[in-house]
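> Here it is, the structure, as structure tokens.
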Amino acid sequence: MELNRMIDHTILKPEATEAAVQKIIDEAKEYNFFSVCINPCWVAFASEQLADTDVAVCTVIGFPLGANTPEVKAYEAADAIKNGANEVDMVINIGALKSQQYDYVRQDIQGVVDAAKGKALVKVIIETALLTDEEKVKACELAKEAGADFVKTSTGFSTGGAKVADIRLMRETVGPDMGVKASGGVHNAEEALAMIEAGATRIGASTGVAIVSGATGEGY
């Protein structure tokens, strides 16, 4: 297993400067991470530099609250892909899920899936820290029904990040063929490997260098 190729090297802080984003890009190239995960305004900047590498460009949609309209999320995804994104991590409408508006949630995801079809992978952030286990299961089922490629635990901006028990539950729900991304709170190789053992196929972290070099990092 190549741990570096399971990492989305992440910088999503609102105050991230060009220099900070550049550092993430440079580290991703040096360590051959799977992707950089950056805010949409940096997609073209990253895409130009990573075009001739194995590092993908991942961005976020409806982030971090998930409360945009479906139309805006679909447009945001299309715009990001036009700018060079290979993967889009969208946030579900958490309030709609909790209101049991399941058709709305499914259609919200479907709009992004349709915008990305044939062009980019779609990961669905369900924000596990805000959900009951039953809601986590339902969110994963809706993401799978809508044709998403991955389910993802967290934005890193809520009350908690990835937990091994949540990864296990998500993997059990979506089955063996869909991706599961653990994001938020993974700081070292031991934590990353625990997530992978539980069923994660991707790790989202700002601490990618620490994870692959055996250190413990601070951050998302």
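Keep in mind that glycine also has a Cβ here, set from the backbone N, Cα and C atoms.
As listed in Swiss-Prot for this protein:
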type	residues	note
ACT_SITE	Asp89	active site, proton donor/acceptor
ACT_SITE	Lys152	active site, schiff-base intermediate with acetaldehyde
ACT_SITE	Lys181	active site, proton donor/acceptor
> Can you tell me how far the Cα of Asp89 (active site, proton donor/acceptor) sits from the Cα of Lys152 (active site, schiff-base intermediate with acetaldehyde), in Å?
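Here the two Cα atoms are 8 Å apart.
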> When you measure from the Cβ of Asp89 (active site, proton donor/acceptor), how many other Cβ atoms are you left with inside 10 Å?
29
> In DSSP terms, helix, strand or coil for Asp89 (active site, proton donor/acceptor)?
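SS state of Asp89 (active site, proton donor/acceptor) = strand.
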